[in-house]
Amino acid sequence: MKFGFIAHPTSVGLKRYVKMIDLLQRNSTELHSGYKRDLWRRENLVPFMNFAKITSATGATCEGVIKYMPLVADEMLADARGIANRVVSGIEELVEDGAELVGLGGFTSIVGRRGEATAEKSPVPVTSGNSLTTYAGYKALMQIQSWLDIQPEQEPVAIVGYPGSICLALSRLLLAQGFSLHLLHRAGHKDEDELLSHLPEQYRSRVTLTSDPEDLYPRCKLFVAATSAGGVIDPYKLQPGSVFIDVALPRDINSDTRPDRDDILIIDGGCVTATDAVKLGGESLNVTIKQQLNGCMAETIVLALENRRENFSLGRYLALDNVLEIGELAEKHGFLVYPLASYGERIDRQRVINLKRYYHHDIYSDEPDTEQPPASQLAFIDAIIAQDPAREDTLDRYHQFINPMMVEFLKLQHCDNVFRRASGTQLFTADGEAFLDMVAGYGCINLGHNPQPIIDALKAYLDAQGPNFIQYISIPEQAAKLAEVLCHFAPGNMGRVFFSNSGTEAVEAAMKLAKASTGKAGIAYLKNSYHGKTLGALSITGREKHRRHFKPLLASMIEVPFADIEALRQTLSRDDIGALMIEPIQGEGGVHVPPPGYLRTVQEICRQTDTLLMVDEVQTGLGRTGKLFACEWEGIEPDVLMLSKSLSGGVMPIGATLCRAIFGNGPYGTADRFLMHSSTFGGGNIAAVVALSALREILAQDLVGNAERLGTYFKQALTDVAARYPFVAEIAGRGLMLGIQFDQTFAGAVGASAREFATRLPGDWHTTWKFLPDPVQAHLKAAMERMEQSLGEMFCMKFVTKLCQDHNILTFITANSSTVIRIQPPLTISKAEIDRFVSAFATVCDELSTFLE
């Protein structure tokens, strides 16, 4: 059976989209067949999509055609009689195309007395689609009610658009479930008895009528809307926790884009999604229109699949039996109300559950109490602390309160793990599944997770009730010990230490020290470097993607090309440059190791130009590369040295900025200046106790030697695997700081795709391209190149995904390069664990080796 469907754009933007499709379609036909006057004539309907064959989940089939009437709602209402005639003409066009049933979308049914007048003139049966639209809205609300764990008698529901056919049917369904309703009608409906007459008498006591939306905002948090006018409800007046199911089109929320509120949820109601078992015509690359189909169109498809050539869903009164029947038939054929969506984007159960606190005030309370925390507040925090959350609970809590994009990114990569326990090189989920950690907190966890000697030292200090944050009213004993140990082991003649809480703070301290001790504003840094994301550290980070959104950054910071000695010499010879910030290995830059002798030459130039040499060992320091400090590989003696990450074995935040005593005494050696740089938490005894224990264990367990021995073995084993696969460009790094550089190039792929389509599609699209304006061509070419780059990054991320999903191994990319996977395991890693990684890496390489160049 073949159906037809008459849609219409629901906004000016969609009308212009249809206009674009129409222009391109006619132009394509002209390019293929030549100019014909009839091709460029006024049309009643615009062709949009042909479904050559639709196969449902049951195996039933039908075919259909969708055409647009290129008018928005206001244009239709301005000439309702004329549009009604155009709808009938459109039906006749579809019948000529073989349609045996025609669906009327949105206003194309409203202008014909909700389809009744249209049906009288139509040569074939018609449907408004309102029954399945109603069913979808109803099921969405029932699911929301279940997820929020509320009973019908607890929360009233606002119905916006009563007594329209959808709202009337919804009202009757909800009243039968026990809900109380607030019905919003047009201001012109004054006769309340007449309005109530549409509802069964036994339910009318649970109904409140109003024509003013303002009445709804303080009374209701659950809304279902289906007006013909649209734009009725102000989303910024909704109560926190409100769920607004916007059934059908036009939108009844007065916003074309998602409102900037996290405490409400607006759901695209009245839609269904086809399951994988449904085939809507030819499908290629899993690309087809199957999600969030309007209920009116889906109802037409379902009736065609059932071979039901009958009028359906006509008039104001939709038979509830029909509503429930078409819903069940839709589900049978594979058209489901779930997943739900908001402005086209999927939403899941937890997104709704996050709103429960606005409904269950016995558990969640915001009542203030100035004297003492009320019992409800204590109950809330006690419940949070005691909770044994499911993985999804944690993901959604993080999504709601910390970083939603991070959660969505990890979900996209299938790496959205939540770990409960950690030991050594392993991380464990709540159900005990173990993962090998090859990231180790980006180099923090040198001693492995929860190293017992450090835990014992920390417990002993706490059990002895040792003091912690006393550094500005007394002299902290443990911090003093740690400073001496660091100065003893660090290369060069270090004599001063400033403690902080992180690597970026250590860098900030070094920058201030450089300015104060040299009297010069400028600091040089290397291209592709990474020193942190606070404003100062970002100003000397050589990667534009981290910087662009925070400009202007600090002035007088000068970038120098990596490994370019002459450029460095010229820069450091400038009068305004007082210091150079450098990493012995660019970790986040993609694990770039400088050429042999480069660092030694850098030191010589710094000495010749009287430039402060500041070495950032936040990631490379304390054994990671096979030396206690990576700069020792070339005998470098910095003027300033920065440490963090593994300084505490990853157990506690700590950073340290070391310098020669002469540089520390100068800017901070007077009565007015000795407290010019300070940190509330920096230099606390507890962090120092942990750091002292960590340094001891690095030496006691010979982790520096372990990093060198196993790192050499590891790098060679990976290199042997990589030699078989040209998409692995290099195994870079030193010790147990390695990077796998991928080069699966897609250069030219998008351009070739465009040319292929231009060649295969009807017409001469190559000529069309030639006459696009130069700026348009330039932007399209830039977009194609960036897309090709993104495909290479996507390929790299598939390694991260497959190592995680298939082998329970955790890896990640570097901050500056999305085509480099970092390998920075705990220095306690065993040879067997390295072999496990190499084997898994080889397997993934083989599985992703369909294309070799």
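Along the chain as shown, residues are numbered 1 onward.
Placed from the backbone N, Cα and C atoms, the Cβ positions cover glycine too.
Annotated pyridoxal 5'-phosphate binding site per Swiss-Prot: G503, T504, T680, in sequence order, evidence recorded as similarity to another entry. Positions annotated as N6-(pyridoxal phosphate)lysine by Swiss-Prot, on the basis of similarity to another entry: K645.
Sequence features annotated in Swiss-Prot and their locations in the structure.
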| residue | record | contacts (Cβ under 8 Å, 6+ apart) |
| --- | --- | --- |
| G503 | pyridoxal 5'-phosphate binding site | H531, G532, D616, V618, Q619, M642, S644, K645, G655 |
| T504 | pyridoxal 5'-phosphate binding site | H531, G532, K533, T534, A537, G655 |
| T680 | pyridoxal 5'-phosphate binding site | F469 |
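The number of other Cβ atoms within 10 Å of the Cβ belonging to K645 (N6-(pyridoxal phosphate)lysine), over all protein chains shown, comes to 29.
Within the set G503, T504, T680 that the record links to pyridoxal 5'-phosphate, no two Cα atoms are more than 16 Å apart, and one pair reaches that distance. DSSP assigns G503 (pyridoxal 5'-phosphate binding site) to a helix in the three-state reduction.
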